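First up is the structure itself, then whatever we jot down about it.
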Amino acid sequence: MQPGAALNLRLWLCLGLLQGLANGYSMTPPTLNITEDSYVIDTGDSLSISCRGQHPLEWTWPGAQEVLTTGGKDSEDTRVVHDCEGTEARPYCKVLLLAQTHANNTGSYHCYYKYIKARIEGTTAASTYVFVRDFKHPFINKPDTLLVNRKDSMWVPCLVSIPGLNITLRSQSSALHPDGQEVLWDDRRGMRVPTQLLRDALYLQCETTWGDQNFLSNLFVVHITGNELYDIQLYPKKSMELLVGEKLVLNCTVWAEFDSGVTFDWDYPGKQAERAKWVPERRSQQTHTELSSILTIHNVSQNDLGPYVCEANNGIQRFRESTEVIVHEKPFISVEWLKGPVLEATAGDELVKLPVKLAAYPPPEFQWYKDRKAVTGRHNPHALVLKEVTEASAGVYTLALWNSAAGLRQNISLELVVNVPPHIHEKEASSPSIYSRHSRQTLTCTAYGVPQPLSVQWHWRPWTPCKTFAQRSLRRRQQRDGMPQCRDWKEVTTQDAVNPIESLDSWTEFVEGKNKTVSKLVIQDANVSAMYKCVVVNKVGQDERLIYFYVTTIPDGFSIESEPSEDPLEGQSVRLSCRADNYTYEHLRWYRLNLSTLHDAQGNPLLLDCKNVHLFATPLEANLEEAEPGARHATLSLNIPRVAPEDEGDYVCEVQDRRSQDKHCHKKYLSVQALEAPRLTQNLTDLLVNVSDSLEMRCPVAGAHVPSIVWYKDERLLEKESGIDLADSNQRLSIQRVREEDAGRYLCSVCNAKGCVNSSASVAVEGSEDKGSMEIVILIGTGVIAVFFWVLLLLIFCNMKRPAHADIKTGYLSIIMDPGEVPLEEQCEYLSYDASQWEFPRERLHLGRVLGHGAFGKVVEASAFGINKGSSCDTVAVKMLKEGATASEHRALMSELKILIHIGNHLNVVNLLGACTKPNGPLMVIVEFCKYGNLSNFLRVKRDTFNPYAEKSPEQRRRFRAMVEGAKADRRRPGSSDRALFTRFLMGKGSARRAPLVQEAEDLWLSPLTMEDLVCYSFQVARGMEFLASRKCIHRDLAARNILLSESDIVKICDFGLARDIYKDPDYVRKGSARLPLKWMAPESIFDKVYTTQSDVWSFGVLLWEIFSLGASPYPGVQINEEFCQRLKDGTRMRAPELATPAIRHIMQSCWSGDPKARPAFSDLVEILGDLLQGGGWQEEEEERMALHSSQSSEEDGFMQASTTALHITEADADDSPPSMHCHSLAARYYNCVSFPGRLARGTKTPGSSRMKTFEELPMTPTTYKASMDNQTDSGMVLASEEFEELESRHRPEGSFSCKGPGQHMDIPRGHPDPQGRRRRPTQGAQGGKVFYNNEYGEVSQPCTEGDCCPSAGSTFFADSSY
């Protein structure tokens, strides 16, 4: 190294030290009790130096650098380093104590901070120089070699123990004295001499005089050296590990200029003990010199571990190299994860490393295993490297480490998870791109990846040109595999797909040893060409499959058709049409195969391929027909005007694929029938028949192509007419019931182009016509008797099949069951519960918010996983008891569950979905969830968006028509179940799932409310009530608050006693101990406690008023008191709402007839409202309504005074005259004159009844009542309990009262306790798409009528909250 380079190295080291000082060593330095720069004592004296500082301290002194001695004596000297008491500013203190000092103790004494590497005088260290004067031994240096190099001057280290001596430097030929200029003396370092003065010296020695005695130092042998050191290395290069007791050998080698001299110095732990030995070596090479120093320590111990530093110095350059020596007490193996137990890679990676953190000595043997199988090849114990990662690389890798000599063994396992980008397998195989129109097609995507793709997304786009690109790795793939660069892809749904979608399902399937995701898109009707793609994604990639879904009317895109379709007859015109899809094929050609060329010389048949068809066939001239506008196919027609036997043979149509350029062929064999003259296989024979018998004559013909067979009677052409039948291509003549005039000569004539053949026979008729008439009478009589017995047997059979009490089906609403023979509680015990059909696991039911709660029950919104037998999650409502419910309440809820099961499903009734009855949890009844809440609140919210005649979407109109047509179809089919409409509506929606899963066409909160909607709601409620009435179930609380609105404008009847407290509901008025919905109750229910289907019809009329007033409360402003009840009984009614059309007004008026028998049945209401809904004509109704509205204030409001006896139908009228509708009062186009009670006339037209009084025209007498919590109503008026008692006693017979329903009468003794049943209804609100619930319930008291369903005393009924 050049001198300039050495200078730069020194500057760099100085800057590094200053940088370290600036960065962290600006601190308070330690202080010594000896403040002098040098300190002089005499030999044999003791030396004590104390050092204090802010950090732990350590001492070094001559011959003991960096040796830590704490509180003990050295083996050679009597020096001691121990702790002393510090101060508050410098809490750490160390004292160095030397007893019996000698001259060799002369030198520099350093105190420094122990744990700070940088030793900077005045910053992290403090020192002083101590002279131990020995007048007998003033020189203390040892014999040494002095390397003389090219420096200007150098120090001769003649160290002295006495400062201030006069020193002379002598060589073999000269002596030098310090002159203060070129030759300098320093008591601490020796004498500095110019280098040129020493080049001729062989040795050097210092001389001094003390007293009268001369003293000489030890000799310095002078050695002239080279100037430059090249490199230094310490072997082993890495850290060295040993066990206690082993031998340490370190080799420090320097490469230097030829004939250079180097001084080695080792620095290592335990240097003071001088246990190490180092041996210098020198090897001269031709161009340089290698100098080494080998350090050896036998029987290493824990004290020998640490850094070992080798320093080489030639006087100009100083090289250092270090290594770390680790000494272990005993053999060990330690291994742990470096990046965790699970590592991930992706298939296709070039390599992956499985690293471990390993520490072991001695180095153990090792082996890598994969899934318990040894991994071959050379590997590293610190990391296993895998190249070209594939899915097969995944597994559990284990590193086994062992040291047999020490009996050590360790294992560690790592799991490698190889993520595989998803891949769709159908892309590997060719798939059809042509699909027949109106066919059912299934598109499949089977994907595999790691992790497994959770779902498959389907998209479609219209069949329009789209730019494509080819994937680089699949350049030769056909065009259909290129991915379109289009942005107009749409997600496939079952509603807005261009082709009707039957189903879209995805599932996991075990295929070829792997779990694969399979998705099938089933297209119900292929109508329109489109492009489909399926997309699968996981966390490391995605894959897509493009499907060109081209729809054509040609099967497989290529076909041959012939006219005529059967084998042609000689002489006929034949046309062979080759039809090919333009999108797929081009270059249509006709060939006729040459029979002579289809065999080789030996007569063996040749292999016929479409590619070489031209070698065996003759091309034919054909006509390419012009395609119709919009057609996507081409037709090449081969016409043969008059086919002959020689035209028989194979005809081939050849087409060429547009993309692959491959040729495809279809072959048609044309068979020609030779024309021959017709012949009869049997001649006609003469016949003798009786009058009224049947006659049959046959004219069987043999021979091909018989174009004409004609029959003659008495030379007159015989044609097919009543009683005469010609069949089997006119080969058979039949005459039913022969008459005398049918006698005569019959001729059969058969002709074709080759000629004609005839056959004739005579027919004679005998007997009289009267005999035939008698036979007719006998036949008719026999038929009548047979029909009579058939009807009788049918009635007997139906009576035997009448369901027993154990088979009673009833509603789950606020129903009354007939306890005439068996009490309700016993009936419920007879009902069974099929757990295999209805039990639903609780763990798949996630309960949500409480929709409503009452005194002992609550209704909760919940998510049910798989309740529709699929994998979807559906929102349901769950009824359950509150904590602390009694056993009777539990039995009541269980009884209601059984009733719900036996009543069955209906589209317009909230239906049961399942139940949780197992004893490991609460009893829960699961019913449908209706997202739009009750109808009353919905109508109120939609008032602002009411648009009577807004145009409905085609989908909504289709649903409306389906409802009406389904109801009429069920009516026409005797015995059809009410489930039919429910199922048919769901199928119309394109789904076969249960009612809760009907997909809604649009959000009802966003669409306007129309007059058509109001009629539709009314029709559906009537339909649901018809269903309940057919089950002999009475609702008793039919109101808009108990009608729920679901998706797709479907309304459902409900009544939720479990979740309502009617004691807090203003619509219920207290009557004695019961609360009653008086505004909705019929007069016979208020006064006589009679509840029948006819009383439900009255409530339906009030419900109509609510609907057409958009959710208003009935009888607005009317006080609900005794006067109200009396006037209601006397015939006063509500005025119709302004939105009600004349037809709706008449329906209301009929429902509010005072005579229950005069009210229409629900089946009549269904037909009337269905015709009204189906007929349309809303603008005409509006004009009629406006015209009526102008005169409503003084004339008919649609609600006139109707006496309970205003309608008179005599027995004669009832027997003689068919029922007819008063079409002058009801619009015929809506009603079609369908009759129902209350608007019938027999024979003659009955004049209209007198005008009905309304509450608006005749205000009630003002009465002030103090409102209380017991009897408040929504109008703010109440009817006191005492008034009810008075009103009831006033109209009750003295001994008993009569409860009449249609055709029934029941006398109940006075004082008979009223059976009570729980009553409940939901109160819901919806605003902004949310549903709010205010559910309450209570109790009512009522007797029941014969033939209808009534609960026994104490029976409790429950229904769903909001459903």
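In case you wondered, yes, glycine gets a Cβ from its N, Cα and C as well.
Marked as disulfide bond by Swiss-Prot on the basis of sequence analysis: Cys51-Cys111 (among others). Long-range neighbours of Cys51 (disulfide bond) (same chain, six or more residues apart, CB within less than 8 Å of its CB): Pro30, Thr31, Leu32, Asn33, Leu57, Trp59, Cys93, Lys94, Val95, Leu96, Cys111, Ala126.
Taking the Cβ of Cys158 (disulfide bond) as reference, residues of its chain lying under 8 Å away and at least six apart in sequence are, in sequence order, Phe139, Asn141, Ile167, Leu169, Gly190, Met191, Cys206, Ser217. Feature annotation from Swiss-Prot assigns disulfide bond to Cys158-Cys206 (among others); the stated evidence is sequence analysis.
In the three-state DSSP scheme, Cys252 (disulfide bond) falls into the strand class. Of all Cβ atoms in the shown protein chains, 28 besides its own fall within 10 Å of the Cβ of Cys252 (disulfide bond). The disulfide bond feature in Swiss-Prot is assigned to Cys252-Cys310 (among others).
According to DSSP, Cys445 (disulfide bond) sits within a strand segment. For Cys445-Cys534 (among others), the entry in Swiss-Prot reads disulfide bond, with the evidence type sequence analysis.
If you look up Swiss-Prot, you'll see Cys466-Cys486 (among others) marked as disulfide bond, on the strength of similarity to another entry. In the three-state DSSP scheme, Cys486 (disulfide bond) falls into the coil class.
Residues or ranges marked as disulfide bond by Swiss-Prot on the basis of sequence analysis: Cys578-Cys653 (among others). Annotation for Cys578 (disulfide bond): spatial neighbours Ser559, Ile560, Leu588, Trp590, Ala622, Thr635, Leu636, Ser637, Leu638, Cys653, Val655, His666, criterion Cβ-Cβ under 8 Å with sequence separation of six or more.
According to Swiss-Prot, the disulfide bond annotation covers Cys699-Cys751 (among others). Within 10 Å of the C-beta atom of Cys751 (disulfide bond) sit 16 other C-beta atoms, taking all shown protein chains into account.
Marked as domain 'Ig-like C2-type 1' by Swiss-Prot: 44-118.
Across the domain 'Ig-like C2-type 2' (151-213), mean pLDDT in this model comes to 90. Here Swiss-Prot flags 151-213 as domain 'Ig-like C2-type 2'.
Swiss-Prot lists 845-1173 with the feature domain 'Protein kinase', giving sequence analysis as the kind of evidence.
Counting every protein chain shown, the Cβ of Asn33 (N-linked glycosylation site) has 11 other Cβ atoms within 10 Å. Asn33 (N-linked glycosylation site) falls outside any helix or strand according to DSSP and counts as coil. Residues annotated as N-linked glycosylation site in Swiss-Prot, with sequence analysis given as evidence: Asn33 (among others).
Annotation source Swiss-Prot lists N-linked glycosylation site at Asn104 (among others), citing sequence analysis.
The N-linked glycosylation site annotation in Swiss-Prot covers Asn251 (among others). Counting every protein chain shown, the Cβ of Asn251 (N-linked glycosylation site) has 17 other Cβ atoms within 10 Å.
According to DSSP, Asn299 (N-linked glycosylation site) is assigned to coil rather than to any helix or strand. Positions annotated as N-linked glycosylation site by Swiss-Prot: Asn299 (among others).
Within the same chain, residues at least six positions away from Asn411 (N-linked glycosylation site) with a Cβ under 8 Å of its Cβ are Thr398, Leu399, Ala400, Leu401. Sequence annotations record features per position, and here Swiss-Prot assigns N-linked glycosylation site to Asn411 (among others) based on sequence analysis.
What Swiss-Prot lists as N-linked glycosylation site is Asn515 (among others). In the three-state DSSP classification, Asn515 (N-linked glycosylation site) falls within a strand. A C-beta separation below 8 Å, combined with a sequence spacing of at least six in one chain, links Asn515 (N-linked glycosylation site) to Tyr448, Gln452, Thr508, Glu509.
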So among Cys310, Asn594, Asn758, all listed as recorded positions, which is physically nearest to Cys486 (disulfide bond)? Use the C-alpha atoms.
Asn594
Count up the helix, strand and coil residues in the domain 'Ig-like C2-type 2' (151-213) according to DSSP, in that order.
3 helix, 27 strand, 33 coil
Which ones in the same chain are close to Asn582 (N-linked glycosylation site), with CB under 8 Å and 6+ residues apart in sequence?
Ala627, Arg632, His633, Ala634
DSSP-derived class (H/G/I helix, E/B strand, else coil) of Asn758 (N-linked glycosylation site):
strand
How would DSSP class Asn104 (N-linked glycosylation site) in three states?
helix
List nothing but the one residue from Cys206, Cys310, Cys445, Cys486, Cys653 whose Cβ has the fewest other Cβ atoms within 10 Å; the candidates are the disulfide-bonded residues.
Cys486
Go through the glycosylation sites Asn104, Asn299, Asn683, Asn758 and tell me which ones have a CA within 10 A of the CA of Cys751 (disulfide bond).
Asn758
Cα-to-Cα gap, Cys252 (disulfide bond) vs Asn299 (N-linked glycosylation site), nearest whole Å:
20
Give the number of CB atoms, excluding that of Asn527 (N-linked glycosylation site) itself, located within 10 Å of its CB.
14
Tell me, how many other CB atoms lie within 10 A of the CB of Cys534 (disulfide bond), whichever protein chain they belong to?
24
Just jot down the residues in the same chain as Asn594 (N-linked glycosylation site), at least 6 apart in sequence, with C-beta under 8 A of its C-beta; none if empty.
Phe616, Ala617, Thr618
CA-CA, which of the recorded positions Asn104, Cys310, Cys699 lies nearest Cys534 (disulfide bond)?
Cys699
Provide the three-state secondary structure of Cys310 (disulfide bond) computed with DSSP.
strand
